[in-house]
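Q: Below is a structure I'd like to ask you about.
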Amino acid sequence: LQLPPGLGFSSSRCFFFFSPPTPPPLPRDRDLLPLFFSELFSPSQKYQLLVYHADSLFHDKEYRNAVSKYTMALQQKKALSKTSKVRPSTGNSASTPQSQCLPSEIEVKYKMAECYTMLKLDKDAIAVLDGIPSRQRTPKINMMLANLYRKAGQERPSVTSYKEVLRQCPLALDAILGLLSLSVKGAEVASMTMNVIQTVPNLDWLSVWIKAYAFVHTDNVDLLGSLADLYFRAGDSKNSVLKFEQAQMLDPYLIKGMDVYGYLLAREGRLEDVENLGCRLFNISDQHAEPWVVSGCHSFYSKRYSRALYLGAKAIQLNSNSVQALLLKGAALRNMGRVQEAIIHFREAIRLAPCRLDCYEGLIECYLASNSIREAMVMANNVYKTLGANAQTLTLLATVCLEDPVTQEKAKTLLDKALAQRPDYVKAVVKKAELLSREQKYEDGIALLRNALANQSDCVLHRILGDFLVAVNEYQEAMDQYSIALSLDPNDQKSLEGMQKMEKEESPTDATQEEDVDDMEGSGEEGDLEGSDSEAAQWADQEQWFGMQ
């Protein structure tokens with residue numbers, strides 16, 4: 001006997017019973033709820049559900065998932081807007097209150113930007129907020145934009161956004177502090193709050209408060225120097241150079257900290273600026289270590305290591321506690337093959353400045369140069385444990401791991417963690433690119449380098465990108481990258497070699513002729529080499545009065 005659905009039969013009792021049909025099960029995953037109800041709600045209600053769903057994900061700290069749902073909500077809102085424009089008005093006044101209750105599209109974008117900041121994707125957060133028209137930006141949106149621009153080192157748009165906040169909220173103290181920290185004059189900031197001070201009682205203190213903080217941020221040379229040093233220790237060379245420049249503009253006779261400033265300029269390839277800085281410091285006083293260190297940095301990055309060694313030793317004679325002088329002399333000794341002597345200097349630098357990562361970097365490079373990988377690994381692990389797991393220490397440990405084939409995967413994990421913390425950290429990007437090059441993953445390397453160069457311009461990154469582009473036969477763009485690298489650092493030999501190699505491959509006949517000419521002029525090249533050896537001997541003869549041997 002076949003019974004219709006819902007009917008049952010019991011032979012023992014001889015009666016029929018009815019069972020209601022089983023309802024379809026609700027999806028357990030909350031991510032499927034909008035799909036489950038997609039046919040039950042109007043387009044505007046779907047938009048509301050997506051926003052509420054994204055809000056709940058944000059509250060649960062599922063930021064990537066929340067971004068996905070906010071994006072879906074914006075797409076739904078865009079489709080809803082198009083539909084409302086196409087359809088003629090039906091005269092139904094009930095739709096007006098519903099449209100007024102819809103979540104604001106601007107607020108949704110703000111929440112998306114909050115998700116990106118939580119994920120440390122500041123560039124994506126800026127892109128979302130920049131998509132909001134200027135007239136529709138609320139004070140909190142402008143405040144977030146200002147802080148993000150400031151963090152990215154983009155001062156001009158940051159100042160503009162802070163001023164827009166003050167225009168709408170003249171008593172926004174955070175915006176006032178932001179402008180003062182960006183060296184906007186105190187008088188200009190005070191003028192933006194003057195109307196409120198005059199109309200609201202008991203606000204006389206605000207003008208004095210603004211004046212005081214203006215002195216703190218713009219007229220205190222020592223504070224600017226301290227900020228520059230802190231940025232340097234945190235690995236933020238760009239902001240460090242900026243603060244040093246502000247400090248020396250306020251005090252043209254400033255000497256303290258100029259050795260670090262000169263080192264940063266030399267590392268960026270700005271050798272002409274380093275030379276000018278050294279001359280200016282020598283005109284102020286030659287009895288301080290800083291002028292000698294700056295000139296030594298110029299010689300070192302010009303590959304005149306013997307002269308850099310002499311200048312570093314002279315600086316140590318004037319100030320035996322000069323960490324930068326010890327690092328300069330240690331680096332010169334290492335590049336001249338005198339590794340054991342270099343190790344002594346780097347250890348002394350660590351003793352004087354145990355919290356400076358560059359001291360440990362120099363020592364570890366010496367260990368690696370002498371194939372003492374075990375000692376380098378022990379030191380890198382100690383630094384990691386002592387200074388904490390930040391992008392710099394992770395990269396330093398990964399650098400040592402790359403030297404051992406057994407720890408390649410560990411190096412990859414460490415570099416991924418470092419780039420997750422600071423996607424624009426140049427040393428981490430360089431090491432990750434080196435790893436990808438070993439694995440011949442050139443497309444991944446190109447994507448990594450393009451992303452790193454989106455908000456900065458670095459000679460080494462442009463040069464490595466050129467190498468990767470050559471590997472995938474993108475010769476024209478590779479030539480462009482080499483050109484950019486040389487424009488940033490005309491002394492970058494590797495970029496020059498890469499460009500010359502491409503030119504020879506394009507014209508093999510010319511390359512053969514150049515080789516013949518080089519063979520004919522071989523004696524001239526030998527003369528140049530002999531000259532460099534004589535220069536090294538000249539400076540080596542003066543080592544009898546060097547500070548430390």
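Residue numbers in this text run from 1 along the chain shown.
Placement of Cβ uses the backbone N, Cα and C atoms for every residue, glycine included.
Caution: TrEMBL annotation is automatic and unverified by curators.
So TrEMBL lists the following for this protein:
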COMPBIAS  497-507  compositional bias 'Basic and acidic residues'
COMPBIAS  512-533  compositional bias 'Acidic residues'
REGION    497-549  region 'Disordered'
REPEAT    323-356  repeat 'TPR'
REPEAT    459-492  repeat 'TPR'
Q: Mean pLDDT for the repeat 'TPR' (323-356), rounded to an integer?
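A: So the average pLDDT across the repeat 'TPR' (323-356) works out to 94.
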Q: Who are the long-range neighbours of the repeat 'TPR' (323-356) in its own chain, taking Cβ under 8 Å and residues 6 or more past its ends?
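A: The answer is 233, 259-260, 263, 289, 292-293, 296-297, 300, 305-306, 308-309, 311-313, 315-316, 362-363, 365-367, 369-370, 386-387, 536, 547-549.
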Q: Counting by DSSP, what is the helix, strand and coil composition of the repeat 'TPR' (459-492)?
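A: Taking the repeat 'TPR' (459-492) as a whole: 27 helix, 0 strand, 7 coil.
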Q: Under the DSSP assignment, what numbers of helix, strand and coil residues are found in the compositional bias 'Basic and acidic residues' (497-507)?
A: 10 helix, 0 strand, 1 coil
